[in-house]
Structures are given as C-alpha cells and as structure tokens.
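Novice: This is the structure I want to talk about, given as structure tokens.
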Amino acid sequence: MSKGIILLAAGGTGGHVFPAEALAYKLKERGYSVHLVTDSRAERYAGKFPADEIHVVPSATIGSKNPIKVARSLWTLWTGIRAARKLIRTIKPLCVVGFGGYPTVPPLLAATRMGVPAMIHEQNAVMGRANKALAARVQAIAGGFLPENGGTFPEKTVTTGNPVRPAVIEAAKQPYVPSVPDDPFNLVVFGGSQGAQYFSKAVPTAISLLEEPLRKRLRITQQVRPEDMETVNSCTRKLEMGADIAPFFSDMAERIGAAHLVLCRSGASTVSELAVIGRPAILVPYPYALDHDQAANAAALAATGGVKVIPQAELTPEKLSTILRGAMTMPDKLAKMAAAAKQAGKPDAASLLADMVEAIAAKRSIQDFKGAGV
C-alpha cells in the first residue's frame, strides 16, 4: 500500500526532468506513489520516468515586452494555476517538489496557496528565474551547488547535490580505463539534452586538422540537432572515422562511462553526472545564458581539477584540435582528471533529497531537518 502521493513538477528539458526522475525512483523505493506534472516538451525524456501518472498543465513564460503577448501569457498562467489547483484537490499530494522551468510555476503557486507542503530543487550554482520567483513561498530549498550559508534564504537551504538517474549510478561502477596508443579513443560530444549547433561546426573541423593516425583512432559519439545531422554525417564520412551521430541518445550515461574524454556544455545535470561517473571533460559553458549559470557550474567542478573550462569564444577548431591531440597522447593526465572528477561526485544526492522530501511531507520544519542532520 502506498504511503501517499508526492507530486513532482519539472520543466520539459532533460536538465529539469532527469534529477526529478532520480528522485522519483528513490521515492518509489520508499513506498510512495509519484506523479509528474510537466509540459509537452518532456515527452521525449519521460519514457523511463517512474511516474504513476503524468499530467500536463498550461503555463507560459513572461519574457516579452509586447503587452498583447504579456496578457496572453498571464491568461495562460492563470489557466494553469486553476488546472493545478484542481489536480491537487483530486490527487491530494503529501508534498509538491519543483525542479525549475516555467511549467513548475502553476503547481507550486497552487500548492503554496492551498497550504500543501512545497519545496524546490535548484540544480545550478545560480538560481533560475522560476525557482527565484517561488523561493520565498516554499518551505525548503534543495540545491545542487547552492551554498547553505549564502544566498537569500540560507535558513531553509540544504546542499543536497543533484540527484542522478539509476543509469548514471550504473555507469559509475565502470572504472576509468586510460587510452592505449594505437587503440580506439572514445570521444563523447553533446550540448545538453537539446544539442549544440556550435559543436556540430567546430568538432568536424578540429578533427580534420589531426594527423591521420590520430584521426583513425577516434571513435566519436556526437549529439547534434536534427537539422545538423546530414552535415555532420557527411563530414565524418569524408574523414573516414568511426562515428555515431544522433539528435538524442537514450543510453548517454553508458556512453559517458565508456568515454576517454567528454566535450560538452555545463548544465547542472551534465556536470553532476560527469562527476558521479568520473570522466575527464572539456566544458564549454553556453555563452548566452541570462544568469551565466553554466559558467558557475563549470567553475565548481573545475576547482577540483576534474575538468577544463574553455569559453566558446576562445575554443577555435585549431585550439580544439590541439587539445584533442594532447588528450590522445597523454592518457595519464586524463586518468588524473577522471579521479579528481569522481572524488567531487555526490552519488547519494537522491537519497538525501528524498529524506528532505519526507521531512517536508511530514510537516517537519526545515530547521528541524537541518539540525537533526536527517
């Protein structure tokens, strides 16, 4: 028999859905029913989500200065809050947990107005706009990188780390095996769950600058946008190299586990998964983020020595080619980076976050939770 329902709310990108998925597995293990409320974008990421039910409520972001668009967004938001109130009255959750993204705003606002215990989890080192708007209203804030002794609400913030999915925990069991001269070198390239156009242009050019013996060693897994598939595939065929190119890989954790080097953006989930699995990486923060959250995430892991951070403006194909050449000829250096990254990982983040959810659902104060250390 279920202990009750926990309602998780997450925006429809992998960065929001994946940590919610990790928590959902942990809560199910502890006997709770889990419902997910999200938007239509999450469909591609929610295939393995262990939710008893998935709900979609209307929501919108208010980013335009056009008064007509603002009015439409406000109406959609109001409609979403009404739908969320109806959902909460129907399923009667013990607690509502938000993971960021504008689709979390209606259910979290509805919960706080209805007196239902609510909390948020912020994956990044800098709080996102949706979570920032909700932070004052909820009982507790869990953070992937947020410090407990800083920020606006230190008294109700707990640094749990970012929960990672079971597939990541499984991949972490595989030790890092340094590359061997003349053997295949596995390079994994991705730009977060939505891909990165920049890598689609820079990586093939950089590889073309490598000497033929090095180029023939490369085995590349690269996530690209659908519109870039043909171009990237054409480049890899011309270079006569082993490549697996796709818009999305459902087994990305396993592929990272098999990598000698990872080249990627530095979203919170990505950084956390790299650390738990323990793989060396070149992080290229997304340069147009409003709050520069990816740069802050990257800096947190770079401080351990597990990754190198290079701004996109500085990473020319020539520089990337030089980096790849060095990585393929200095396996000991990558092995040290892998060990440093793994030491920074928090594989128990999902358990700590589940402890926190249970405390809030039981209407314990977050101060009591922090004081008890349980």
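Note: Cβ is positioned from N, Cα and C throughout, glycine not excepted.
Grabbed the feature section from Swiss-Prot, which reads as follows:
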| type | residues | note |
| --- | --- | --- |
| BINDING | Thr13, Gly14, Gly15, Asn124, Arg165, Ser193, Gln294 | UDP-N-acetyl-alpha-D-glucosamine binding site |
Novice: For each of the binding-site residues (Gly14, Gly15), count the other CB atoms lying within 10 A of its CB, then report the residue with the highest count.
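Specialist: Its Cβ has the most other Cβ atoms within 10 Å: Gly15.
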Novice: Provide the three-state secondary structure of Thr13 (UDP-N-acetyl-alpha-D-glucosamine binding site) computed with DSSP.
Specialist: coil
Novice: Which residues, sitting 6 or more apart from Asn124 (UDP-N-acetyl-alpha-D-glucosamine binding site) on the same chain, put a CB under 8 Å from its CB?
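Specialist: Correct list: Gly144, Phe145, Gly267, Ala268, Asp291, Asp293, Gln294, Ala296, Asn297.
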Novice: In the structure shown, which of the binding-site residues Thr13, Gln294 has the fewest Cβ neighbours within 10 Å?
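Specialist: Counting other Cβ atoms within 10 Å of each of the binding-site residues Thr13, Gln294 gives the minimum at Thr13.
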Novice: Name the residues of the same chain, 6+ apart in sequence, whose Cβ is under 8 Å from the Cβ of Arg165 (UDP-N-acetyl-alpha-D-glucosamine binding site)?
Specialist: Phe18, Glu21, Ala22, Tyr25, Lys48, Ala253
